[in-house]
Amino acid sequence: MAFSACLASSLRPALAALHWAAPRQCRRLSTPQGSEPSLDLRGIFPPLATPFSPSQEVDYAQLEGNLCRYASIPFRGLVVLGSNGEYPYLAPRERVEVVSCVRRALPRDRLLLAGSGCESTQATIELTVSMAEAGADVALVVTPCYYRGAMTTAALVHHYTEVGNASPIPVVLYSVPANTGLDLPMEAVITLAQHPNIIGIKDSGGDITRMGLMLHKTRQEDFQVLAGSAGFLLASYAVGASGGVCALANVLGDPLCQLDHLCRNGQWQEARDLQHRLIEPNTAVTRRFGIPGLKKAMEWFGYYGGPCRAPLAPLSPAQVEELRSTFSANGWL
């Protein structure tokens, strides 16, 4: 089956700054200072959930079915094997096979970002090369964290520099402190932004001040920042982010692409109203109920969610009802 066939009050300061800068004007997102990026990451990327059968094997038929449904949504591309893809629970062979499956189905005008971060630099390089051979356009490399106490700025700069040097495809840094317990240091990001093969970062920390400073400090580089969650997408755009890798896009892809469109066209009031309705559902399928919650919500919107791999456990009946109420209260069900 071919893919082609088928904010709450915390956001007000950013919005106020935009309106103060140009009262009674429609302010569009501006292109960061410098030339156009070598690879444009502007837009929404869903970090795909990996579908499993009842016996917890990767279900490639269901994966293709989900891809077919996503075909009509104007995503910039797809992220495969991010945190929401249960990446740590897949064997290396499965990781490459999943990327190959998605690449065969994905039109060439849509980008495929593939997770390839491992704990060692050598393993990361090897998997990154394999992802490139499987058809990935970009490698998404999470911070190594098992020995987090030793992951100094110097160690991380060396790690990513070696990966960037060896990778046959561009590299996007991936900072997800909720999972790794490690925030990629600002000094490391600024240094790595100067590497010709490191083109951006997915920042899932949610610190808008940090994101704004990161954009300011790397404004002269060919470097783009992607918001790592739908909950702070509008605020991220307000400080200059290029796009978003949002778990909620697996469920509410069209509304997130609409939010992207509204921000780019300076329709900030409409964007704020939509952002507000996305905050609670996003929290529910990320911090609150995690991947089991995301997969359950996918089923309500016509996608295949299915089970997670153990030890991730399914939601209890009470949790399912709470999740449903969150979507209903915000007008999505």
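Glycine is treated like the rest: Cβ placed from N, Cα and C.
Here Tyr174 (active site, proton donor/acceptor) comes close to Gly82, Gly115, Gly117, Leu140, Val141, Val142, Thr143, Ile201, Lys202, Ser204: these same-chain residues lie at least six apart in sequence, with C-beta atoms under 8 angstroms from its C-beta. Look at TrEMBL and you will find Tyr174 tagged as active site, proton donor/acceptor.
Annotated active site, schiff-base intermediate with substrate per TrEMBL: Lys202, in sequence order.
Annotation for Val245 (pyruvate binding site): spatial neighbours Phe45, Pro46, Pro47, Val79, Gly82, Leu113, Lys202, Leu226, Ala227, Gly228, criterion Cβ-Cβ under 8 Å with sequence separation of six or more. Per TrEMBL, pyruvate binding site is recorded for Val245.
According to TrEMBL, the feature signal peptide maps to 1-16.
Within 10 Å of the C-beta of Lys202 (active site, schiff-base intermediate with substrate) there are 27 other C-beta atoms, taking all protein chains into account.
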